[in-house]
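Heads up, the thing below is written out as structure tokens.
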Amino acid sequence: MLKYILDTKDFIFEKWIQSIKRSDGFKYIIKYQNLKAVFLLFEKDKNSIVPWCAAFPQTIDILRNNEFPDKTDYRFRNIIHFACKSQNSAFCRVLLASSNKFRVNCFDNKIMTPLHYATKLNNKEVVEILLLYGADINEKDCYGKTALHIATEYNNKEILELLFSYGANVNEKDYNGKTALRIATKHNNREILKLLLSHGANFNEKDQYGKTTLHYAVIFFSKETAELLLSHGANINDKDNYGRTALHTAIECNINKEILKLLLSYGANTNEKDKDGKTSLHIAALYNRKDIVKLLLSYGANINERDKDGKTSLHIAALHSIKDIVELLLSYGANVNEKDNYGNTALYIAAENNNKETAKFLLSHGANINERNKIGKSALHIASFHNSKETAELLIEHGANIN
């Protein structure tokens, strides 16, 4: 079939070639390594085999002995891209040294250069050849990734060392604000992390969410990575865009106690507040983490600390009807009559949410049953307003002033 097309008039051949260029038609010639087809096309029109012929190492003499234009396919891949895909280092060297002057920094439709290709394929020899011939080491693809980002993703320590020897920027960010260190943290590769840190990776660098590498070590449940970062001086109380430290994040992500103990042993501030004024204790109470509440209190968490609405952890527990946390906080000395910014006590909040059991427990620990908020409402007022019959009856039984 191919020979028939080649024997037809030139305009038919040209039309066929153009249709192939607009698709992946050549991939089948490459896939099945149909060398005969390559030479048939070369005989008809030598330029028709560029750039994809580089997928065939057998065409090296053709490329060495003929002048070719630096053409690209419909995905903007040039001959060096295809040579990198074939992973033939000798071929790459011949192409780059040839008189054709093929562009080593040409990029495809995803802004990937041959260096990106070779790095992704973990081919150190080809990477080195490209660098020797002037490949831009910090060139970014459409996602903002450099070769260093890609080598980190693929856990290739040898290529990373090579890239560093050519001046790769260890703190370069992709378009999502990720550095190579941030990527290595996700993969939890201790050797790669150590290498990046030894080359000056900034562990306190923040992404677009304001999160540092330590935040992500916690998110990815990696105690080893967190410990490595902290041992190198990572700022343990650094905050993200929401004002949350690694400690806030660890509790919110339901991390095991070992990581929390690690953070606390390195001096994490238990009373640091996020943008809502919430401390780690507020979050632990909200998520009903009884063991974590105990741990935080043992490290000096202020049990009566208020958030931006003036709510303590006791208010939070009462609001969400978490009786176990209410009991625990009171056993550690939480102020049962503490008021929020609206003058509401934990009892008022329990009554508002018709939580009879929590209200009963608060009363047994000295909650002032007739305490009024800033608009003069008591717990009985709010229970009656919400038609919370059981809670209202409980309050009356305990001496609530019905007047």
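Cβ coordinates are placed from backbone N, Cα and C, and glycine is handled just like the others.
What TrEMBL says about this one:
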- 110-142: repeat 'ANK' (REPEAT)
- 143-175: repeat 'ANK' (REPEAT)
- 176-208: repeat 'ANK' (REPEAT)
- 209-241: repeat 'ANK' (REPEAT)
- 242-275: repeat 'ANK' (REPEAT)
- 276-308: repeat 'ANK' (REPEAT)
- 309-341: repeat 'ANK' (REPEAT)
- 342-374: repeat 'ANK' (REPEAT)
- 375-403: repeat 'ANK' (REPEAT)
Worksheet item: Same-chain Cβ contacts of the repeat 'ANK' (176-208) under 8 Å, 6 or more residues past its ends?
Response: 143-144, 148-149, 151-153, 155, 157, 160-161, 164, 170, 214, 216-217, 220, 222, 224-225, 228-229, 232-235, 238, 240
Fill in: Close approaches to the repeat 'ANK' (143-175) from elsewhere in its chain (Cβ under 8 angstroms; 6 or more beyond its ends)
115-116, 119-120, 122, 124, 127-128, 131, 137, 181, 183-184, 187, 189, 191-192, 195-196, 199-202, 205, 207
Item to complete: Determine the mean pLDDT over the repeat 'ANK' (242-275), rounding to the nearest whole number.
Response: 95
Worksheet item: By DSSP, what is the split of the repeat 'ANK' (342-374) into helix, strand and coil residues?
Response: 16 helix, 0 strand, 17 coil
Worksheet, complete the sentence: Long-range Cβ contacts under 8 Å made by the repeat 'ANK' (110-142), restricted to residues 6 or more beyond its ends, are 78, 80-81, 83-85, 87, 89, 92-93, 96-97, 104, 148, 150-151, 154, 156, 158-159, 162-163, 166-169, 172, 174-175
Worksheet, complete the sentence: Per the Cβ under 8 Å criterion, with at least 6 residues separating them from its ends, the repeat 'ANK' (209-241) contacts 177, 179, 181-182, 185-186, 188, 190, 193-194, 197, 203, 247, 249-250, 253, 255-256, 258-259, 262-263, 266-269, 272, 274
Worksheet item: Tally of helix, strand and coil residues over the repeat 'ANK' (176-208) according to DSSP?
Response: 17 helix, 0 strand, 16 coil
